[in-house]
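Database features (Swiss-Prot):
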REGION    1-231  region 'Pyrophosphorylase'
BINDING   10-13, Lys24, Gln77, 82-83, Gly143, Glu157, Asn172, Asn229, Arg318, Lys336, Tyr351, Asn362  UDP-N-acetyl-alpha-D-glucosamine binding site
BINDING   Asp107, Asn229  Mg(2+) binding site
REGION    232-252  region 'Linker'
REGION    253-456  region 'N-acetyltransferase'
ACT_SITE  His348  active site, proton acceptor
BINDING   Ala365, Asn371, Tyr372, Ser390, Ser408, Arg425  acetyl-CoA binding site
Amino acid sequence: MERTCLAIILAAGESTRMKSAMSKVLHPVAGRPMIAHVVDALASASISDVALVVGRDADAVSAAAATDEVAVTSFLQKERLGTAHAVLAAREAIAKGYDDVLVVFGDTPLITAAPLKAARDGLAAGNDVVVIGFQATDPTGYGRLIVKDGALVAIREHRDASDEERRITYCNGGLMAIDGRKALDLLNRIGNANAKGEYYLTDLVEIARSLDGRAIAVEAPEEELTGCNTRAELAYIERLWQQRRRHELMLAGVSMIAPETVFLSWDTALAQDVLLEPNVVFGPGVRVESGAVIHAFSHLEGAHVRAGATVGPFARLRPGADLGAKSKVGNFCEVKNAEIGAGAKVNHLTYIGDAFVGAGSNIGAGTITCNYDGVNKHVTRIGANAFVGSNSSLVAPVSIGDGALVASGSVITEDVPADAVAFGRARQDVKPGRAPILRERYEAEKAARKRAKAAE
């Protein structure tokens, strides 16, 4: 029978060092709150029940952690009296009698399912407490994990460690799994006889051993246990997340010419044989199909780029942009809430918003769909194999039929039937010999302004 597990996320800190108007766990990593990354890792570890311990910005933190994947229940920690005190804020949930209780932090967005599963496996093997640790590049300041004959005998804080213990690089990552049948008894035994008068979760190791229980440590990569307390650490975590995701995508068949310049969101979906040129930014909600090319300096958000399509350089796809197979959106173009049909071309200096562009159509440089009247948005519909000449304004709501041709420089305010040619511009008026007369007048006006300025 599968073991039951309650995960407790500690997210009640004041976030003082973050120097922010909102809780640190609400700050985004790869486009979503860092606490949402933690919840996602728990879901990936097949954990279905989460107790979220909240304090500052409780409602916003609870909303950010909400998901369809796991059941999240929030518990308010009214006082800040240490990590064990925070865990006991979820006493009601712990008392339900889960097999495993897993304690994690809301500010560790790089954690993955693997060490969480390893910790639970440690409980399944008969251990009472399992601490998740890491081999520190620089262990200074971290609590050391003292392991003897495979058992974790103590967590020694740096300030209390002997010289020999300080040479240990196996450090406490803070995350912990506890035998759910014993969790409340063990937690209730933690005292606060220390300089700060706080209740520390790390005391569980020695308490369990004093009751003839057993504690062990399992190892996770150091980066997965990176916590976030400052803006500098937030930037570092973002960099680590981006590096990890880029590497995964390249191994899956995505080509990146300069991967360090590509920035992804948490849900960016890139298929095999997608090519990304340098300096591409993906906001949330982007899906790119096989064979598509995203040229340099493009920004995509909420967009679907279908197989073989090309984007950019210097293009912007906003939410609702849907590019058909082998279509093209070129340099200095913006597409928003619009469908570009298969093989259609929007090559240069164009805005397509709230529109449908049919398959095979060609939209000339400088074309604008005038979709907003100051109050409401309106739709432009362009049929298949139509041609819109350069520098045209399509004033929505308006339709251009299949195979129609719109002359350059037109302002189109009425529907254009299929296969029709539409001219929507003033007739050109040429006045022979008039240029020298106008030039002479302009020079005289310029000279008069100079004389007036000199006389001031």
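A Cβ is built for glycine as well, from the same backbone N, Cα and C atoms used for every other residue.
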Using C-alpha atoms, which one of the binding-site residues Leu10, Gly82, Asp107, Gly143 comes nearest to Asn371 (acetyl-CoA binding site)?
Asp107
What mean pLDDT score does the region 'Linker' (232-252) have in the model?
98
Of all the recorded positions given, namely Asn229, His348, Ala365, Ser408, Arg425, which is spatially nearest to Ala12 (UDP-N-acetyl-alpha-D-glucosamine binding site) at the Cα level?
Asn229
Counting all other Cβ atoms within 10 Å across every protein chain shown, which of the binding-site residues Asn371, Ser390 scores highest?
Asn371
Proximal residue to Ala365 (acetyl-CoA binding site) among recorded positions Asp107, Gly143, Asn172, His348, Tyr351 (C-alpha distance):
His348
Most Cβ neighbours within 10 Å: which of the binding-site residues Tyr351, Tyr372 is it?
Tyr351
Around the Cβ of Gly82 (UDP-N-acetyl-alpha-D-glucosamine binding site), how many other Cβ atoms lie within 10 Å? Please give the count over every shown protein chain.
20
Lys24 (UDP-N-acetyl-alpha-D-glucosamine binding site), Cβ-centred 10 Å count of other Cβ atoms over all protein chains shown, is 28
With acetyl-CoA as the bound species and Ala365, Asn371, Tyr372, Ser390, Ser408, Arg425 as its recorded binding residues, calculate the greatest Cα-Cα distance and give it in Å as a whole number.
22
